[in-house]
Structures are given as structure tokens and as C-alpha cells.
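Colleague: Quick one: this structure, given as C-alpha cells, is what I'll be asking you about.
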Number of protein chains: 2
Amino acid sequence: MASSSSLTTLSQAALFSPSLPRHASTSSSPSLSFPTFSGLKSTTFTTTHRRASPCSATISKQQTSVQASATVETLDKTDAVLVEKSVNTIRFLAIDAVEKANSGHPGLPMGCAPMGHILYDEVMKYNPKNPYWFNRDRFVLSAGHGCMLQYALLHLAGYDSVQEEDLKSFRQWGSKTPGHPENFETPGVEVTTGPLGQGIANAVGLALAEKHLAARFNKPDTEIVDHYTYVILGDGCQMEGISQEACSLAGHWGLGKLIAFYDDNHISIDGDTEIAFTEDVGARFEALGWHVIWVKNGNTGYDEIRAAIKEAKSVKDKPTMIKVTTTIGFGSPNKANSYSVHGSALGAKEVEATRNNLGWPYEPFHLPEDVKSHWSRHAAEGAAFETEWNAKFAEYEKKYPVEAAELKSIFTGELPAGWEKALPTYTPESAADATRNLSQQNLNALAKVLPGFLGGSADLASSNMTLLKMFGDFQKNTPEERNLRFGVREHGMGAICNGIALHSPGFIPYCATFFVFTDYMRGAMRISALSEAGVIYVMTHDSIGLGEDGPTHQPIEHLASFRAMPNILMFRPADGNETAGAYKVAVLRRKTPSILALSRQKLPQLAGTSIEGTAKGGYIVSDNSSGNKPDVILIGTGSELEIAVKAADELRKEGKAVRVVSFVCWELFDEQPADYKESVLPESVTARVSIEAASTFGWQKIVGDKGKAIGIDGFGASAPAGKIYKEFGITAEAVVAAAKEVS
Amino acid sequence: MASSSSLTTLSQAALFSPSLPRHASTSSSPSLSFPTFSGLKSTTFTTTHRRASPCSATISKQQTSVQASATVETLDKTDAVLVEKSVNTIRFLAIDAVEKANSGHPGLPMGCAPMGHILYDEVMKYNPKNPYWFNRDRFVLSAGHGCMLQYALLHLAGYDSVQEEDLKSFRQWGSKTPGHPENFETPGVEVTTGPLGQGIANAVGLALAEKHLAARFNKPDTEIVDHYTYVILGDGCQMEGISQEACSLAGHWGLGKLIAFYDDNHISIDGDTEIAFTEDVGARFEALGWHVIWVKNGNTGYDEIRAAIKEAKSVKDKPTMIKVTTTIGFGSPNKANSYSVHGSALGAKEVEATRNNLGWPYEPFHLPEDVKSHWSRHAAEGAAFETEWNAKFAEYEKKYPVEAAELKSIFTGELPAGWEKALPTYTPESAADATRNLSQQNLNALAKVLPGFLGGSADLASSNMTLLKMFGDFQKNTPEERNLRFGVREHGMGAICNGIALHSPGFIPYCATFFVFTDYMRGAMRISALSEAGVIYVMTHDSIGLGEDGPTHQPIEHLASFRAMPNILMFRPADGNETAGAYKVAVLRRKTPSILALSRQKLPQLAGTSIEGTAKGGYIVSDNSSGNKPDVILIGTGSELEIAVKAADELRKEGKAVRVVSFVCWELFDEQPADYKESVLPESVTARVSIEAASTFGWQKIVGDKGKAIGIDGFGASAPAGKIYKEFGITAEAVVAAAKEVS
């Protein structure tokens, strides 16, 4: 136990938490006024009788372990009892919710309740009544299956999103407490976790966002951006490659305000981690440039945890990994420290045994009055934090109007008026170019007008054409810059961008690799889609058109695979106007990620393409028919739209009435009203031919039973692009022949 | 330079290479006889006048670096000159091939030529005239873009697959020398690499396979399985999460015969690795339980490389990472050590400058006679290795007929007669069960009869139901066992299984996770498909039917995404017979990987399902129509086939002629003859309804313009499974209503 006897009047809160004094735990209805934005500079309330005491432990850096220390204040006995009670409240809320649902994961919340309590009650700076307050500390539960920990903490802290009835409807239809944390369901949850390793990588993105904004906007007289990012991750997250990728970058970037708690409980689903996970995690993180601390008693060593956080905060040039050794299912006499407590309800008998063991006399879901009262201060305190910050920002705005406007755009998500005028436009006379190059023109145009626009590539910047020419590299010592260098770490890159996007609504991160390597980052891309993170995926080398690198590098099924994924826009622009159109939509759709599949090879600027057409997903590029009755409709995307156009020219020479349709984004076309769709693809015209240098899977929906889809349903080949196109029959001749066959 | 002066008669070859003496470099046509299988026990030829000398360096373990050492023999001056010449031959073959193709990556072959030379000329045991000889050492170029290194080495070593004309048609249509190494194109290439990180993970699989077979089949008097696995990987591979996953396992498993060369050249595509990769790789690998050696001069430090390999071989309980510091594009005076030499032809001028710099007077693609002659011994030597092994195996077969038959099945790929009789069958009276449980019955039945059957799960064995009950865990000290414990490392798992599958044709590895987490391992799965590795992917929790875990865990687009992927069979069995049918095909199709999407929830054993029907991909389960003219065809897969059957019962009660079709594997149905397809889905019957608890993307191909596809085109939800099915309209009522609408 962490309690200590000697008393002082020093507030413990002042040690672990932000500048504002914390309101006393005994005060259930503080009579304070909270001025709104642009109000006073400091709050009007004062510290009350919270007591803490120094004790006698030391931080043993040599052993990278921490014990309660003379440098750390501890609570007096009464407070310690209350902390323990609060921690058990968290444990039992988790136990009871899982028991009622008869589904869920009680083990992690029971083991991690102490660190959870300390973070939300003593350390973190947040406003429960405005979960979106910009300068809040961010918390990510990377081990998302333990979500009852977070729901219990949000509930105690006073978030409106998690009421008692929400806890009681854990994992039920329509509840705010789904089986894994979902930011789009539960305000207070920053990112969507569950798929392991994503959360820690999101946290790297959140910490990067903070470091970037702080460097850009803080002034010698005003620290307007200043928060920590905390994360709890488990053995599963540690084993996933994505976490290694993201943590290697976090070390490289020196993200000193990222503090990760590794719940070292030695149990994974298949049993003891000894069976598959025996690496020295601490040594690995030291090799990655992290500061590493080991808390040996995570179950009851409150002061060790507190000291570790203090130490972590003192290390400003490195992220910190606090390895906290815990017992999964702590408190359960028969199931603790075993797999059985990981992912199933304890069962009535074991719940009873756990109640007895931890001395918990209450009925399910009970919140003891003193615990409730203790936590009740966070509403007032959080409002005060925001108020103070708002006042600070008002001052900042007066002194630094330009910077304030940029920062405001980032934290409100309001795009600067007229930003879209920056988008380049093209005519058929403009030079032929690869869409990857046209993309770069757009990226550079947008970065000038959008304050939250930043991104980079997974070591392919010079191939993906993603460098922002007016900015330098975001690096440890130049975090104000906007070119991110992800190295060859696609999965980490995607998840880091999710973190950036969800940090503030005005962040518009983009990231890039070869289109085929979306296979490496699909886990993160799906979470962009699910969690409504409007990341822009710049995916070049989008077909056999990349040529000699061969089938390992040539996407075939990737377009289809993303067209099937919900809430993601799959663009395949044909030229400059369509590339600009894709970017316009991508920037506007902040809750839907976009993928741009771009060519390596040069493409002509086509007549009839437009930004407006692109926004409709499918539109007529050229047509010599009348009465909405063409003889045949030729449909192309990306680099094959040119082929469709050429085939149409041929057919028209032979007297045919031919419509050419660009199908640049299927999802946008699906959103159009029926009459628009009919105007592009009239039901009566069944003579349709599509051409796309990719799998034909899914094209039947567009070309219909009587149409024909030209594509590639096997793997590609290594050869010059022109040769492969010819050998695979992706040619105007093939389109002409098919058109004659179907019409 | 690594040459040394004092001479001895000790053959250097004997230090670094296998038991057979190497034939002298000056002997261009050895007059040796090579008995065939079951012939003599040892070869008839003897060592000739190869000379080597000890020199005076020491292995500096403290610094984890290696220098030419007293413990290492070096070549005499003449030999050293020849080695240098051979190394430059490799460099210029790469330079010339890339120059002729005007496409490719010269930088790595130029930098890694020394280690390549030492491996293929001095260290590795192989038979160029039989690239598939079972007991060969395996080599993997994980940095696959440097494939000209491997092609040059295969050419020098005498592999028929890479002739001079193949080098001259590098990266051209139909050549044996594609832009990245492809095992299915080029005998001598073990696995398909290029997508970074895959190769090192494949190598872990290859080394695992060796360790497993050695433990199972070696006897005190006979080491019948005994080879090393060598791999060259670069910075890119090191950054990828997949390599961390696989290397963590390699350390855990203690794969002592895995020796990896890390080409530490400090250059990645975006420039110096300083911009994104500053972790301490050596320290990381030590944390992973590897032995780490640093060769500081990889450009000309031949003896350092040799000493490192010797040291690596002496460490038997750990894999070894030899960090070899090299200069990318070594020899190019103006482009070495820069990105510009990584992925483009040098250009005529720089080629000329490099020729001058390295003193290379020859025309392009020239093989100097002495180099040619030096390498020519490998054909005879390799044949002798195989002959000796064959003789050893003949003895082994006499002494240990049972083990020999098993091993032979593994190295020939011939399945034991009657194996398929082990598959379980079911009747409608058999108990309802989840297909994940039925899968486990199949796995356990197959493991009894298939010697090369082994596998495991990414920490979900108890959820995926993948444990083989009659075997223990493959672990460091129990490598003869067959349950693999991958930890939470899906991507590494898939790539390791590719390595196992491609080690020997009779290996049938399976691996498992939740279906949604194929997103984490898709890179490896695509390479299974491309490289014809018949891995079986056991993917449970295949729909919203998993219930409360919610949308992060519920696959939606995954079936469609794999149906679009070439050369992979996507099965979704409905019950026991279909699960057995899927396994039957999966085992037989050794060159096509299979995915089985399996339910978490209980499903009834349906009337009309069969192993034979499953093998056709789509087949009639029940029908009350006649003349191939049903009123409506209801099509289901997996857990929804039951719903289609129920809807058919309803419709038949109302007098309808209803056919129910199971569409368990689209790819197999596509392979059927037209008349069979017509017998199942007659063109004249356009009233078709499909039901599948997944994206409807692609179903238009089956149900046609007038049909209706019932599915889910958004993300799932967290709630009990029955509730979600009802809310999402995946019900018999919906099928009945749709059937009425379309018929």
C-alpha cells in the first residue's frame, strides 16, 4: 500500500496536475462562477483543504524502476482510503457492466484501475462538460477491449456521454458504451481502438499534433498549446508491428509529452506471454530512444505510479514508456492472473467472491457517496481550465491576430474563406502529366491556404510527389514544419494520421505510398473510415502502368477492395481537373477519408473533365448522342479514361453515337439523386463498356448484365508499361471491339 | 582490403561451407562421377589446390563488431584478386542489366556484392542443377529491389534459370528476371520479395521449418535435415512492422540457423536514414534475443564478413543479425552513397566512370574467364551435395521407414494415400455448431494424416479453435511440436507461413485470427496468392454474428476484397460438410492459398450440403422446381445459407418453386464449365436473391440486373448478434419479401 503517515498542507494535486488548484473532494457543489470565453484571466476559486504528505521512497533510475519517493507527495490515510475506494469503484463498475452484458473484458479494468484513477482524478486536464475543449490532455486506451475502464472513468469524471444507464447498457444496441471505444459514439473517447496497436500509434499522432502546434503557435509570453497525451497499452499492442513502427518514430521525433503506460500483466489470450512474447520490451524501447520506467507494483503502488508520471514529465526530449506490472483481474480470488478473466464475465459466483475479497458491500453499479463527491469537483475544475484557456486565447488573439486566426481554423475546423480558389485548373492544352505530379501541384496549393494541412510519405516522397516545397521537415528540432517523414512504415503512418486528424477538426493530414501498399496499412485505413477521420491517402503507382517493378508492386484488386469498404471515398482521377476535384472533395469531407489512386505515367489533360463533375463521382465527359440515347456508353477511370476517349473517337468516325463517362468515384455517384444517375447512365441503354486496368470485380453493377467490363483479373507482370497494357488487352481496340459486341 | 600474406594449405572452403570439399577454382571441367539417389555414401572427388591463410585480426565482441581475425583463414593474394574480380563481376552484371533495361536498382547489388559473393561462392550449400534439392541452404533477398544481385549470383553459380540472355532481358516481358524476385518465375529464388519486410519474415518461416524437421526427423546417427537460412535485408525491411513481428518470434524460438545480413547503408529512398530512422537497430535485436555482430567494412572487408558468418554459426541457440555497413552504389564515383543510385540506371556517363574507378575494362555483361572458371565448380559440387544426401536418405529410409515416409511426403509434396478419408462428415441430425468448432475437428483430423500439417493463431487459439490436441507447442526446446504460437502478430504470421509453405511442397501451414484482422496481414496474404504458397487462412468471427465486440471487429467488406484478389480461394462454409469440403480443396490446392471465413455463432447442419458441392464453389442445396426453371433462386453463403433455407421453406408453403444455392466459394464456381453453371444459375431465371451479412459489393454479378442482393453496406454495431441481424434486416422475412419483389 502506498499510504503514508506524515502530513503536510501541500496539495498533491498541485504536483501532478495543471496550474489550477483542484477543488476539494468534500465539496459537492462548489459555489463558483465560470466566466465564458474572453472573460477573466484566472479563476476566482481557491484551494481548499486537500492534504498530502511527502514520504520516503526513492526513484531508482538505475533499475529503471520507481518506488514511492521523497520527491513525491502521498495522500494521508483518509485520502488513501478514498483513493482505494475510488479504484474499487472503477473495478466494480467494470465487473458489473460486463456481468450484466454477459460479454466484455473485466480483466484489464481491474488491473489498470489504479493508473486510470490517477490519470483522470489527479493528473489529466480536461473539461467533462466540453469533451472537445482544444487544449485538453488526450487519453487513448490502446488496449481497447478494456473499454469499461474508460467508461467508468468518464462516468466518474462527469462526462454527460456516460451516464449510469449507459453503463447498464454496455455493449447493447444503440448504447454509448459499445464493445470497444468509439470516438464517434462516445464524446470523451478520442480515437477508436480495439484492433491492437492502433491506439498507441494514434497517440503518437496526437502528440505530434501537439508538438507541431506548440512550436508553431506558442510565443515567449504565451504557451497557448500545451497538453500531454497519455496512453495505456497492453502486451497485444506491444506485439503488433504497427506499434513498433509508430514508437520508433515517436522516439525519432522526441515526443516528450507522450506518456505511455504499458500494462505488463503477463497474460494474453492464449495464456502466459511466455509462450510467444519473451523479448525485453524495456530494452527495445530504450533502443527506440524512449525514456523507460518500470513500476513494479501497479496493483497498489499508487505512489510509484505518481512518481513515474512526475519523472516522465521531467524528461522533455523523449517519450516515456512506463512499464506497469499489474495483475490482470486484480481482486478476483480465483481468476486473477489468468486468461479466464481477460474476455468473459466473471460469473455471479466469482463476482461475489471478488466483492468479499475487496470488501465491497455495495449492490451492482453503486457509486459510494464519498467517491461520487470526490470526483464531482471535475466539472467545475474542467470548466475553469477551459475558461482560463479561453481568456488566454483572447489575449493571444489581440497580440497575434494572424497566428490566432490560423490556430482557430485548426481548432474549430472552419476552413479559410475562398480556400478552394487555390486549386489549380487545366485545359486540354495544358501539358500532359502524371496525376502524381498533378497531385503535388494540388498539395502545394492547398498547404498555402489551409493552416492544418500537413503530411508526408512512407519513404517515397520523391516517387509519390508529396513534398511541400515551402516547408521543411517536421523533425525533433523543427516541429513547426509540415513535411512528415514516416520512413518505410505504412501502417504506423496511417494510424498516426488518424491521430492527427482526430486531434483537432481543422487538421487535414495526408499520407502517401504506392497504392499496392495499402495492403500494409489497411487496418489503419479502415479505422479512418469507421472513426470518421478525414485523412487523405495519396496512393501513386496505381496500376500495371508503373511497369517494370512487376506484380508485387502492381495493384489489381485494390480499387474494388476499397469500393467495398464503407465510408471511404475511392478516387481515381484521370487528369489535372479530376485530381483537383478529388482534392476539393477530400478537403471538404472531414468525416470521410479519401484515397486518391494516381498514375506514375504521363496522362493527357482531357476535354470535358472538371472539378464539378468529379464531385458527382460519375459524369459525362463527351457525348455525340441526343435524347439521352447513345448507342453505347464507354466508362473509364483514371489512366484508362484516355483509352475510352480514343475508342469513342474511333466509334464516332464509324457513325456511332457514343457517350464517354468518367467514373472517378463510385461512392459519390451513389450519393447522387436518381434523376442525375439516369441522366448519366440511362436504364434503357444497356450497351455499356467499362475499362479499368484493374480487377473487373464489381463492375457488373455499372455495366449491367448486357455490358462488358474490360480489366485484369490476374496478377500483373514486369515489363515496360506500354507492353503490359498491350499484352493485357487494355487498349482502345479492345474497347471498340467490346462496344460493337454489346451494341 | 582483406587480403593477407601468410599461406597455409588449409582450405578456406572447409571453414565456411559444408562437409564436402570444394573443387578448385582452376578446375573448369572436373572429371567426376555423380552417382544418383541411393548410390554411394560419400563422393569420389578430393580437394585440390585451394589455398587459404590465417591472418591476424580479432573478433571484437565487446563492440559487437568483427574484424579479420586469427580465427579466420583468408585467401592468398591471387585468390583475393580473383574474389575482388568476382565481386566486381557481380557489380557490373547488375549495372549493365539495369542500364540496358533503363530501369531497376543498381545501388544494393553494388554495395552487397561482397556478402553475396561470399554466401554463394564460399558458404552456401546448394545444387544449381536442382534448385529444389530439399536440404539446400535457403537464401532470401528481403530487399527484393536489389534482385540483380541475386540474378547475377544465380547466373554465376550455374542455375539454368538465369542465362546471359535472361540478364539481358531484365525487367522485360516474359523474362526470367522480373523487377523483383519471384519464386514462380525463377527457379533458385525461394520466395517472392519486393514488398519490404516480407522476405525476412519468410526467412523466419524457412528457418522454423528446418528446425521443426530437424527435431522431428534427425536421429543420433543421422542428421538428415540440416541447412541454414540466409537473408539480406535493408533499412526499409527494418522499418517495417512485419519484420519486428517476425524477428521477435525468431528470437523467442531461438532459430539458431537463421543468419541475417542487415545492409546498413544509411540511404533510403527519401535520403539519409537520419531523417526517419535513428533507432539503435543492434540494441533492438539484442532485446529481441538475437546475437548481433557488426561488420564495419562491408565494402571490402571480406574477412570480416567471413568471420561474422563463422561466429554466427557458432551461436546455435539464437538467430544472428550481422549488421554490415556498406556504401550503396559502391564504386560509382559520383553517385555512391546517395539516393540517386538506389532505384535508377546509373546512365552511360556514370557507368563509364564506374568502370574506370573499379578498373573494369570489359564490355557490358562480360564474364571474365577466370571468374567463370572459378564459379564453374558449383555445378559438380552441388550435384555431389545432393548425391551424398540422397545416399544418406537411402540409409535413413532403411533404418527408419516410418519417419522416412513422412519426411518424403513433406519434401515431395505427395499426400499420403486416402488422407481425405479423415475428413469428418455430417448429417442434418448432427449437432448444430459454430463453423469455427467444425473447423477444429477438421484441423485435428488432418493433422493426424498429413505429415506437413501444422499451424496456429495470432494469440486467438482458443477463439479461432485452432489447437491440435495431439501435439504440443512448437517452442525453442520443443521444435518437433506442431502448434505454432504467433502472439498478436498477424502480418508476421502470414509471412512466416509463406516461408513454411515454400520450404517444401508437403508443408501445409495454416494460420488464424479474426477475419477482420486480415486487414493487418493482407500484404502477406497477397504474396501467398502471387507466389503460389498454399497457406490455409482460418479466419473466424466472420460477420456481425460475432456480436458485442462491435464494428472494429465485424468484417463487412472483407469477403468482397478477397473475391477480387487473384489466385486465392475465399470460402465461407455454411456448416460441417462445407467446412470439410473447404479443407479438402485447400489441402489439394497447394499453389493457391485458401481463406476460410468461419462463424463464431452456432449454425445448424443443413440438408443438401456436401463436400462435393463445396468443391464446385456454388451448388444446389435444395430445389422444388423442375426443368431448371425455378420461380426464384435464393443464394446464400456461410451463416446466411440457413436464412435462405428458411425463406425457401416459407415461399414453398406459398406454392413457389424455389431453388436454394450455396455460393461457398465464388472462384471455384468460376472455374466450372458453362453447362454446370447454367444448371445452377440458368440464364433465363433472373429472379434471384442473395443474402450475406456483408457488403453487397460484387453480388450484382451473381444476382444480375433484376435480382436483389441483401447485405450490409455500412459498418456493424455493438450488440448481441441476434439483435444486430434483426436491425440490419438480415432475416428470412427480408429474403421472402425480396423474392416476391423480383419474381
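Positions of Cβ are set from backbone N, Cα and C atoms, glycine also.
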Colleague: B:R136, B:R138, B:R436: which one does TrEMBL list with B:H105, B:H342, B:S463, B:H541, B:D549, B:H553, B:R600 for the substrate site?
Modeller: B:R436
Colleague: Which single residue out of B:D235, B:D280 does TrEMBL record at the Mg(2+) site shared with B:N265, B:I267?
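Modeller: Matched candidate out of B:D235, B:D280, per TrEMBL for Mg(2+) with B:N265, B:I267: B:D235.
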Colleague: List nothing but the one residue from B:H342, B:H553 whose Cβ has the fewest other Cβ atoms within 10 Å; the candidates are the binding-site residues.
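Modeller: Output over binding-site residues B:H342, B:H553: least Cβ neighbours within 10 Å is B:H342.
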Colleague: Measuring Cα to Cα, how far is B:H553 (substrate binding site) from B:G236 (thiamine diphosphate binding site) in Å?
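Modeller: Distance (Cα to Cα, whole Å): 30 Å.
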Colleague: Cβ under 8 Å from chain A: which of the binding-site residues B:G194, B:N265, B:I267, B:H342, B:R436 qualify?
Modeller: B:G194
Colleague: Just how many other Cβ atoms lie inside 10 Å of the Cβ on B:N265 (thiamine diphosphate binding site)?
Modeller: 27
Colleague: To see if you understand the setup: which same-chain residues, six or more apart in sequence, place their Cβ under 8 Å from that of B:I267 (Mg(2+) binding site)?
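Modeller: Counting only residues 6 or more apart in sequence, the Cβ neighbours of B:I267 (Mg(2+) binding site) under 8 Å are B:G107, B:D235, B:T273, B:I328, B:N337, B:S338, B:Y339, B:H342.
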Colleague: Could you say which of the recorded positions B:D235, B:E490, B:D549 has its Cβ with the most other Cβ atoms inside 10 Å?
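Modeller: Of the recorded positions B:D235, B:E490, B:D549, the most buried by Cβ count within 10 Å is B:E490.
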Colleague: Any idea what the Cα distance is from B:G236 (thiamine diphosphate binding site) over to B:R436 (substrate binding site), rounded to a whole Å?
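Modeller: That comes out at 37 Å between the alpha carbons.
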Colleague: By CA distance, which of the binding-site residues (B:G194, B:L196, B:N265) lies nearest to B:D549 (substrate binding site)?
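Modeller: Checking each of B:G194, B:L196, B:N265 against B:D549 (substrate binding site), the shortest Cα distance is to B:L196.
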Colleague: How many Å separate the Cα atoms of B:H105 (site 'Important for catalytic activity') and B:F517 (thiamine diphosphate binding site)?
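Modeller: Roughly 33 Å, rounded to the nearest whole number.
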Colleague: Which one is closest to B:R600 (substrate binding site) in space, judged by CA to CA distance, out of the recorded positions B:N265, B:E490, B:F517?
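Modeller: Minimum Cα distance from B:R600 (substrate binding site) across B:N265, B:E490, B:F517 lands on B:F517.
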Colleague: B:G194 (thiamine diphosphate binding site) to B:H541 (substrate binding site): how many Å between their Cα atoms?
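Modeller: B:G194 (thiamine diphosphate binding site) to B:H541 (substrate binding site), Cα-Cα distance: 32 Å.
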Colleague: Name them in sequence order: residues not among B:D235, B:N265, B:I267 whose Cβ is within 8 Å of the mean position of the Cβ atoms defining the Mg(2+) site.
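Modeller: Near the Mg(2+) site, beyond B:D235, B:N265, B:I267, sit B:G234, B:D263, B:D264, B:H266, B:S268, B:T273, B:I328.
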Colleague: Can you work out the mean pLDDT of the predicted model over the domain 'Transketolase-like pyrimidine-binding' (B:433-605)?
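Modeller: Averaged over the domain 'Transketolase-like pyrimidine-binding' (B:433-605), the predicted model reaches a pLDDT of 98.
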